[in-house]
Ligand code: LIP
């Protein structure tokens, strides 16, 4: 199995590097975009070009593999998670950042086999940050191994958190409540605008936890492998096992920290994917 995963990873990594040029060549200058679910949920032609390139290259190399891509799902393709090798792709994670030229956007490519995340690639081509991980083989930033921090207490944790891209009033109420909790109980809050890069910061040990309600599988599939391979944990924000289709996630450097954050935050339950 490891040999096969290595082969899958090698093809995906080469395609991600190629697609990185599409993002870095267009990060500056005004970019046209289309609205999706609301006025802060955007998509650009670059999102679609990156996804088409990744899906085209991977399906040519591995015809029996399945795909769940953010923009193909947005265009109506049903994304079904089965036991088959399934590529879960966010072509530009942090599209709002990309549109504004804020240099924190990433290509996020995860692979599941038997519904288990086994490969994660998160690439910010603007800053030259290539985060990679394969199950059982460690986590890396630009080929240097990385590890989570050893922070165990909420009071000394730097937590990444997002306002999100939906205007749902109930979700937004939980966001504001949790922001107050984070500011009053933790060391600090950071918002990168990209779930994948937030998780990469946890894997790097630069942040100690990340949680969010409303994300999709493509935002977090790659980051889940990266955090776990860096020695961290990924669970449901209420404390149970992580469910990649639940649209809920809590990742942290240690289980102690994850459990303390879980006990302190306000929960929100989006409709599952
Ligand atoms: C974004 C996520 C971010 C979340 C936004 C949005 P996109 O992904 O990375 O964490 O808060 O709502 O989903 O839409 O830029 O690919």
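Every residue gets a Cβ built from N, Cα and C, even glycine.
Under the heading Mg(2+) 1 binding site, TrEMBL lists 70, 219. The Mg(2+) 2 binding site feature in TrEMBL is assigned to 90, 93.
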Here the Cα-Cα span from residue 70 (Mg(2+) 1 binding site) to residue 93 (Mg(2+) 2 binding site), rounded to a whole number of angstrom, reaches 9
Cβ-Cβ distance under 8 Å, sequence separation of 6 or more, same chain as residue 90 (Mg(2+) 2 binding site); the residues meeting this, in order, are 69, 70, 106, 107, 108, 196, 216, 218, 219
Reduced DSSP state (H/G/I helix, E/B strand, rest coil) at residue 90 (Mg(2+) 2 binding site) is strand
Note: in the chain of residue 93 (Mg(2+) 2 binding site), residues six or more apart in sequence with C-beta under 8 angstroms of its C-beta are 105, 106, 107, 108, 122, 194, 195, 196, 197, 218, 219
